[in-house]
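Undergrad: Below is one structure. I have some questions about it.
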């Protein structure tokens, strides 16, 4: 009776974790809409998406019945996450105008795919019990999951340096925190250290990002407002110079000036 209740709660938490994780994977959509409109990746980093891609693939391998039985909910969300990250990275490559940076991202993707293919092959051919397979893949999954949660640390450094959270998407941090809490809870029903450890660490990292966002939110607003004001002043100055030089009709300039 107790075991049945625990399994029911575990499934409910797992489904909730799937929904939250889906929001986590989709949270960069506003960022990529901005990239699409501007036609450039600007200062956005590909690191979080590269880390999430390899993390999702390794968890798909971990959830396979021949590796870690009864982990369907682990497979479903991470398979969806893999597909989503492929789309994001494709868009990043399209709108990245720095050839060296684009090549670097492509090479990292290739290395990740080759490594995952080699891992799956070795695990399924060399190890012959699900317990051993779970341990090896689980340890690797912990490393990559912590990397995924820690990936925004590079962006956090930029935030502290510039005192602006403009390039640290809020919804990504919020979704990461909720996802960490949900999967940490799931890992205790029953206890699975390979899920508990990385998601517990991820919860702490995500909380740090949210605190950083709260700290620099107001200064970001001021920086963006100052930038817009500077652009407007520059536009007015150029218009005045053009009028003074007789290059532009003053009436047209006045009509065009907001």
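Cβ atoms are placed via backbone N, Cα and C, with glycine included.
What TrEMBL says about a protein is an automatic prediction, not a curated fact.
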Undergrad: Of 172-194, 195-217, which span is tagged transmembrane segment by TrEMBL?
TA: 195-217
Undergrad: Could you check which of 135-155, 219-239 is flagged in TrEMBL as transmembrane segment?
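TA: Per TrEMBL, the stretch marked transmembrane segment is 135-155.
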Undergrad: Taking 3+ C-beta pairs under 8 angstroms (sequence gap of 6 or more) as contact, is the transmembrane segment (71-94) in contact with the transmembrane segment (135-155)?
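TA: Judged by the Cβ rule, the two regions do not touch, with the required three close pairs absent.
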Undergrad: Which listed range (12-35, 47-65, 106-129, 195-217) shows the maximal number of Cβ pairs under 8 Å with respect to the transmembrane segment (135-155)?
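TA: Between the stretches 12-35, 47-65, 106-129, 195-217, 47-65 has the largest tally.
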